[in-house]
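Working notes, beginning with the structure itself.
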Amino acid sequence: MASPTISSMEQYTPSSKDEKIVPLHGDAAGSDTEKGESREVFQENVDGVEFRTVSWQRATVVFLKINFAMSILAIPGALGALGSVGGSLCIVGYTSLNVYTALVLGDFKHNHTECHTLADMMGLIWGRWGRELVGVQIIVAQVLISAGGIVTSAIGLNALSDHGTCTVMFALVSAILITLFSSIRTFARLGWLTWFGFITFVLGVFIFVVAVTQVDRPAAAPKTGDFELGWAPIAYPSFVVGMINATNIFISTCGSSMFLPVISEMKRPHDYRKACLVAGFIVGAMYLSFSLVIYRWCGTWISTPAFGSAGPLIKKVAYGVSLPGLILGVGIYQHVAAKYAFVRILRDSEHLQANTFTHWGTWLGINLALGTAAFIVAEAVPILNYLLGLAGSLCFAPFSLVFPALLWMYDFKSYKTGTLGQKIKYGLHILIMILGFYMIVAGTYSVAVLIKEAFNTGAIAKVFDCADNSGFVQ
């Protein structure tokens, strides 16, 4: 069957309108590599900054750090709301689905190499306005995730210092450190720091997981007397509680939209699939095993973030070991948003890869603006679960479900009227898109209800609050 035709888009498509592509994520394989390389955002062997230096192994570590992050501190609580069976099914199901849609995005990127981000891809379908709207959505998503990282880092600094100063100051220090890391220009130079961040974060989580099996009772449980652990294979939460916890599990592995800028900096973009599959398997296995152990020993008495569940000493040890990894991981999220805005502003200009004042001023200015925005959001909604829920429903549900399904249907539009098997594939992608729309509406509604409730009950007392947010400090 004939391959779909690339839509002409004046800003990005220098090739003729009748040039054919061969989608990889389907029945055919292969591509015009030479033409694809010529349309890549970053070129090799340039007089300036060399961006195309990332190996597939280093890309794997970046993908691991993007996905294995502060969500592990929220997922055990999600199992408390959904039960071990319901939570496990969500982890396995969402991880598998997110890995699949990540492959869809990678194949689309390979077929349309001029696309640097998801905004560029959606611009092929929706035009200039679509590209700009999705671009804004990318920035909003990363600001929400960065804000969640600032909140969690401030909790860690509070725990380590026994609330040594105003929480706002800890949040400010966290925002500065995250912004400094995100300002490193290339993913290759982020590489060794990313390795360090991933190892320290996993080590901190592992220390906590082992420690939580050795305590008599979770720190949040009653100090004396009998208590009900609350562990259950199947739980029956309210719609709002169930939805936000399912969304928090979903967001844990839906960082595929942030993989795309990394592809543009890989030595061999074709190795993306290998890196994506390896990272997806490792992350899914760690989330499932760690979360089930934590839930088994803490039940419904899980602190948020989860490190507080093992008591004040272990919480300090876990935060002390993992805090560098947490800050470095959130810095990658902010780096992706900054790289999008940077390329958007300087694309096709001499300043994109040249060490000019305009190059540096634009890059550092964008990072400063994003860090400031994330700090303000963190102080306005200082609860990790709600920030993750907002990001998951408003941004990552479209990024990981709706948009990949639309892009697949764009490249395989002929499947709509093809053979029975092709029609079934087309229909399955429509179902993925419908699931995404459901998560947008239901997830946003659930988070809004809980945030309103938090303000009404005093869980969020005020913005820019100096009070200790770490809990159980003794």
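Easy rule for this one: first residue shown is 1, then count along the chain.
Even glycines carry a Cβ here, placed using N, Cα and C.
Positions annotated as compositional bias 'Polar residues' by Swiss-Prot: 1-15.
For 1-39, the entry in Swiss-Prot reads region 'Disordered'.
As annotated by Swiss-Prot, transmembrane segment applies to 72-92 (among others).
The transmembrane segment feature in Swiss-Prot is assigned to 133-153 (among others); the stated evidence is sequence analysis.
Taken from Swiss-Prot, the feature transmembrane segment applies to 164-184 (among others), supported by sequence analysis.
What Swiss-Prot lists as transmembrane segment is 192-212 (among others), and the listing cites sequence analysis. For the transmembrane segment (192-212), same-chain residues at least 6 beyond its ends with a Cβ under 8 Å from one of its own Cβ atoms are 58, 61-62, 64-65, 68-69, 72, 181, 184, 218, 286, 290, 293-294, 297-298, 306-307, 309-310, 314-315, 317-329, 332.
According to Swiss-Prot, the feature transmembrane segment maps to 231-251 (among others).
If you look up Swiss-Prot, you'll see 275-295 (among others) marked as transmembrane segment, on the strength of sequence analysis.
Positions annotated as transmembrane segment by Swiss-Prot, on the basis of sequence analysis: 317-337 (among others).
Among the features that Swiss-Prot reports, transmembrane segment is placed at 364-384 (among others), with the record citing sequence analysis. Only residues 6 or more beyond the boundaries of the transmembrane segment (364-384), in the same chain, are considered here, and those with a CB under 8 A from a CB of the stretch are 70, 73-74, 139, 142-144, 146-152, 154, 167-168, 171-172, 175-176, 178-179, 182-183, 304-305, 334-335, 337-338, 341-342, 345, 390, 451, 454, 459-460, 463-465, 469.
The transmembrane segment annotation in Swiss-Prot covers 387-407 (among others), and the record cites sequence analysis as its basis.
Feature annotation from Swiss-Prot assigns transmembrane segment to 431-451 (among others); the stated evidence is sequence analysis. Through the fold, the transmembrane segment (431-451) approaches residues 97, 101, 239-241, 243-244, 247, 250, 381, 383, 386, 389-390, 392-394, 397-398, 400-402, 404-406, 460 of its own chain, all at least 6 residues removed from its boundaries and within a Cβ separation under 8 Å.
Between the transmembrane segment (72-92) and the stretches 133-153, 231-251, 317-337, 387-407, the greatest number of Cβ pairs separated by less than 8 Å involves 231-251. The list of residues near the transmembrane segment (275-295) in space but at least 6 beyond its ends in sequence, with Cβ under 8 angstroms from a Cβ of it, reads 56-57, 59-60, 63-64, 67-68, 71-72, 75-76, 78-80, 84, 87-88, 91-92, 95-96, 98-99, 102-103, 106, 202, 205-206, 208-209, 212-213, 231, 252-253, 256, 259, 302, 306, 309.
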